Amino acid sequence: MVASSVLGFPRIGANREIKKVVEAYWAGKTNAEEVTKVAAEVKKFNWTELKQRGVTYIPSGDFSLYDHVLDHSAAFNAIPKRYHGLGLSALDTYFAMARGRQADGVDVPAGEMKKWFDSNYHFLVPELDEAVEFKLNFNKPLEEFNEAKAFGITTRPVVLGPITYLALSKATKEAKADFEPISLLPKILPVYKQLLSELKAAGAEWVQIDEPILVTDKGASFEAQYASAYPDLVAVAPKLLLTTFYGRLESNVNFLVKLPIAGLHVDLDRAPEQLEKTISAVSSTPIVLSLGVVSGRSVWKTDFAAAIKLVEKAISGLGQDRVIVATASTVLHIPVTLASERKLTEEQKDWFSFALEKASEVATIAAVVSGSQDANVAAALEANRTSITKRRDFEKNSDDSVRKRVASITADQYERKSPFAVRLEAQKVLNLPMFPTTTIGSFPQTKEIRQARAKLGKGEISESEYEEFIKKEIESAVRFQEKIGLDLLVHGEPERNDMVQYFGERLSGFVFTQNAWVQSYGSRYVRPPIIVSDVSRKEPMTVRWSQYAQSLTSKPMKGMLTGPVTILNWSFPRVDISRELQAQQLALALRDEVCDLEAAGIKAIQVDEPALREGLPLRRADWDSYLNWAGNTFKLSTAGVGDQTQTHSHFCYSDFDDIFPQIQRLDADVISIEASKSDMKLINTFKHYGYSNNIGPGVYDVHSPRVPGDVEIQERIKAMLAYLDQSLLYVNPDCGLKTRGWKETETSLVNLVQAARWARENYA
């Protein structure tokens, strides 16, 4: 009989319970006991629901209050020295590592955040050096295994693998110059052995050990480490299922099948082409093969016929007892359940499948290939066949005008009229000083703004009343910026619910959900729109608000847009046409908006692409194709303006060293880029490549409530000027200020302006 499996589940709760309780805890409105209570309720819900849907292997240990990698660091005592001796509880130390802390005499910054492989999920980067003393502070997988067991539910604990954990880590500032975190493998293995042996003693039959680093180019370099580590782990552990996801193993499968592991998981959603090679590789071993045939990242319903075909191929080569039907990855990346959606049409709901529905899918596919005669299974199979047929019929519809416009794109539409040096001279009309100060776009989304938006949605206030409210918020933001002396202003974006959803709601081709929340990081959840058909702009989307903001001030005002690649990557895209075609459609819609902003008198226009690096394929062999079309769509969206119009773009929370030449190719007049949270390591990139256009490396971290002092910002400016032309340096935060409170925002920006004035006095 073929078993079924879900590799991981959303931790947020069906009604965002975790966000609500941890934010209440941070605000001092509840206690640690309540946090623990709510977390327990969410975990019980997850386990119970998966069991009711017939899933064989239910994950435990994958829950987190903030981030699973941070959990691992805390459990293994990989806690940087700056968080020691602060007199904080274990929970407060954990949150200080995640968010920083500035209260009660404690002032520590947060750790660095980075994108989790090629997803929009962010993890806290472990910081390691030779002095780290690994030990098991607590055994989280064991605790959750026993917790589920108390409810009568047997689970398969999930553990982040040692080699992936070390490969994702970075060296601390105190580490020796040649230190590599992977060198700590012998030091960390005894802690893994303790954790796994305790799980075995508790009765765990299987442990899922996640090693996604194996689908990257870096994975092959760790062959020796896998060969040395896993025999030691297997000797004391329950049966180990080594899981890989988000991409293809390629030649790495050849050394993995030599390991004494009990099972291997491969992602057939992202890389179905690897199935035959994997079957061949494991066929002469006793290894069980877990097949990721149900996407953990797409909200589209699984085509059972296509999935069953893949599974049956594995069964024919290995037999039923050596095959597991699974989600391709954790379903952390999709919403909890479609059952919460009330406004989607019945036709639309029939297209989609969220996390709980995906669980039902793996159970149904496993039952079908096991030869089940259950009438409910037969009915589910037939219903899926009907749904897929209807969706295929819908997908045949296209907007001829959009398709023809894409087909008519010419090479000159990707290029500005003049080179940067000419544009730089023309843009002196902006009358900006040396070290111009600006922000990335959004200002705090206050409780009052959210309430006004909710009242509008419920019909409690009229559209005109809402617009008057938004006008007042914009004017308040403009006056504040003028008061503190910022040079290049923004309108603050009070009218926007989200930087992607806002545009999706004003473009054709999208549908929207009510409760389809997905975790981006910590308590930051997003509700991605879903692209279902060809995309076009119906009318101007932002012009009226930018034009109104500009009318309030003599200082230049930036128009604020989200770029085509980010809208694509932060939506759930179509799967019937290429991502490139979808990005081109978005770029043409944004090009029209950029040109309309210019015509309305907006002299600086920012088109943000924070997800550009995130979308980069995990294998370098696939980079060129992606970077070519991704870069071209950005250029297509921005190149239609004249020389006097200053184009900006923003990038955040990624490693840019490898693709910095492609960022240069975008030819934006100004780029702002995250720098402060990554220990200003971007400076080394500037040192290596140089940069000839205007640039604003972020001088403080906006994802922490901590307020930087002006001297701290001065030091960052000083460090940048060692490698950057002072005439091209902008001074700005790391990212938008939407999630911050006004009090910390005001103080931080005042300090930023003071630091820029200091720079003018000392360098100009």
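Glycine is treated like the rest: Cβ placed from N, Cα and C.
Since the structure is predicted, the reported quantities are computational estimates derived from the model, not experimental observations.
The annotation domain 'Cobalamin-independent methionine synthase MetE N-terminal' is assigned in TrEMBL to 4-314.
Long-range Cβ contacts of Asn120 (5-methyltetrahydropteroyltri-L-glutamate binding site) within its own chain (separation 6+, distance under 8 Å): His333, Val518, Ser520, Val526, Asn569, Trp570, Ala611, Glu614. As annotated by TrEMBL, 5-methyltetrahydropteroyltri-L-glutamate binding site applies to Lys19, Asn120, Trp570.
TrEMBL lists 435-757 with the feature domain 'Cobalamin-independent methionine synthase MetE C-terminal/archaeal'.
Residues or ranges marked as L-homocysteine binding site by TrEMBL: Ile440, Gly441, Ser442, Asp608. Counting every protein chain shown, 25 other Cβ atoms lie within 10 Å of the Cβ of Ile440 (L-homocysteine binding site).
Taken from TrEMBL, the feature L-methionine binding site covers Ile440, Gly441, Ser442, Glu493, Asp608.
Glu674 (Zn(2+) binding site) is surrounded by 26 other CB atoms, counting those within 10 A of its CB over all protein chains shown. Taken from TrEMBL, the feature Zn(2+) binding site covers His650, Cys652, Glu674, Cys735.
Under the heading active site, proton donor, TrEMBL lists His703.
Ser442 (L-homocysteine binding site) and Glu493 (L-methionine binding site) have their C-alpha atoms 5 Å apart, to the nearest angstrom. Other residues of the chain with a Cβ within 8 Å of the Cβ centroid of Ile440, Gly441, Ser442, Glu493, Asp608, the L-methionine site, are Thr439, Val490, Met499, Met560, Gln606, His650, Gly736, Leu737, Lys738. Reported as a whole number, the C-alpha separation between Cys735 (Zn(2+) binding site) and Gly441 (L-homocysteine binding site) equals 8 Å.
Taking a C-beta cut-off of under 8 Å and a sequence gap of six or more, Asp608 (L-homocysteine binding site) has these contacts in its own chain: Ile440, Gly441, Met499, Met560, Leu561, Thr562, Gly563, Thr566, Ser649, His650. Taking Cα separation as the measure, Glu674 (Zn(2+) binding site) is nearest to His703 of the recorded positions Lys19, Glu493, His703. Nearest in space to Lys19 (5-methyltetrahydropteroyltri-L-glutamate binding site), taking C-alpha to C-alpha distance over the recorded positions Glu493, Cys652, His703, is His703. There are 17 other Cβ atoms within 10 Å of the Cβ belonging to Lys19 (5-methyltetrahydropteroyltri-L-glutamate binding site).
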